[in-house]
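Engineer: Quick one: this structure, given as structure tokens, is what I'll be asking you about.
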Amino acid sequence: MTNSVRSVRHFLQFSDFTREEFDYLFERTRWIKEQFKAYKRYWPLADRTLVMIFEKASTRTRLSFEAGVQQLGGAAIYLNTRDSQLGRGEPVEDAAQVMSRMCDVIMIRTFEQTIVERLAANSRVPVINGLTNEFHPCQIMADIYTYIEQRGPIQGKTVAWIGDSNNMCYTWLQAAEVLGFKVNVSTPAGYEVKPELAGLKDCSHFEWFADPMEAARGADIVTTDVWTSMGFEAENEARMRAFADFQVDAEMMQAAKDDAIFLHCLPAHRGEEVSAEVIDGPQSKVWDEAENRLHVQKALMEFLVIGRVEA
Ligand code: CP
Ligand code: NVA
């Protein structure tokens, strides 16, 4: 563990990496996935340990990080708020000091983005954002990789984001600026996007539509997410009423391009943000998308822990 706090790289939001770095990571993802599918052993993280901190629930993120690091030859340790001292008020700065002396990479799922920033500022090892209230960068890496795999480069394409201006939406906005595509956003009144929260240089990659059908028109990807994200459960009833006209259904998919794909980070609520016909239909790539969490995060951990690797 030679990295100093000053020089170590982290993945706290999508804009932490350049387009060139994502091109590299997506190519590594392709190669790593190919090895996995061919049952070829690839253990670049042998003897390395990932610590995973969960302050919110998870199925995919835990599974993909834990399986992913094991498949790279390393080990994973799971911590949650209930069973660790984090839940009893130990400062995140102190936890970062301790964890980064014992482990080689940290993944955290938590509430405010400032928590992951404080963790990273005090960590000797890379920190990965596994979802905060503000961002979900690993998920958007998987979503974009899925598009590339299904249809080719995302540059110049249009993503229609329908529903809540949440962590997924803000991460799509950052990705559009970094990689060069457009996001059409349609949210109900009172849930509008605040582009400054994504830290965008300008709004040239983003357009807002009052009518979700207009946002979907001509899109290459139509995507949505739950109407009530983790941590916002108290607003659930009001949100169900506000979002009622924002379901992605077959009519909305018809407004998109003929070869458009539907994505959803999951878990999904059929009959709320998406109809069963769409999520279970031929344009839906949600299972590939979920699987690709595993592969993109293996490329990400390899990059952050041992640096660039020649194929
Ligand atoms: N999409 C996603 O992050 O799923 P989990 O909440 O199950 O980890
Ligand atoms: N926006 C959702 C994503 C879950 C993976 C949430 O934050 O709960």
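Yeah, the Cβs are placed from backbone N, Cα and C, and that goes for glycine too.
Note that the structure is a prediction, hence the values are computed from the model and not measured.
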Engineer: Going by TrEMBL, Ser58, Thr59, Arg60, Thr61, Gln85, His136, Pro137, Cys138, Gln139, Cys265, Leu266, Arg293 bind carbamoyl phosphate; tell me which of Arg41, Arg109, Arg118 is listed for that site too.
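Structural biologist: The record-listed residue among the candidates is Arg109.
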Engineer: Name the residue, out of Asn167, Asn184, Asn292, that TrEMBL lists for the same L-ornithine site as Asp225, Ser229, Met230, please.
Structural biologist: Asn167
Engineer: Starting from Arg60 (carbamoyl phosphate binding site), work out which of the binding-site residues listed here (Asp225, Ser229, Met230) have their Cα within 10 Å, and give them in sequence order.
Structural biologist: none
Engineer: Limited to the domain 'Aspartate/ornithine carbamoyltransferase Asp/Orn-binding' (155-303), I'd like the whole-number average of pLDDT.
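Structural biologist: Average per-residue pLDDT within the domain 'Aspartate/ornithine carbamoyltransferase Asp/Orn-binding' (155-303): 97.
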Engineer: Among Asn167, Asp225, Ser229, Met230, recorded L-ornithine binders, what is the largest CA to CA distance in Å?
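Structural biologist: Between the most distant Cα atoms of the L-ornithine site, 12 Å.
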Engineer: Listed binding-site residues are Asn167, Asp225, Ser229, Met230, Cys265, Arg293; which sit with C-beta under 6 angstroms of ligand 2?
Structural biologist: Asn167, Asp225, Ser229, Met230, Cys265
Engineer: Which residues in the same chain, at least 6 apart in sequence, have a Cβ under 8 Å from the Cβ of Gln85 (carbamoyl phosphate binding site)?
Structural biologist: Ala95
Engineer: What's the CA to CA span in angstrom from Ser229 (L-ornithine binding site) over to His136 (carbamoyl phosphate binding site)?
Structural biologist: 12
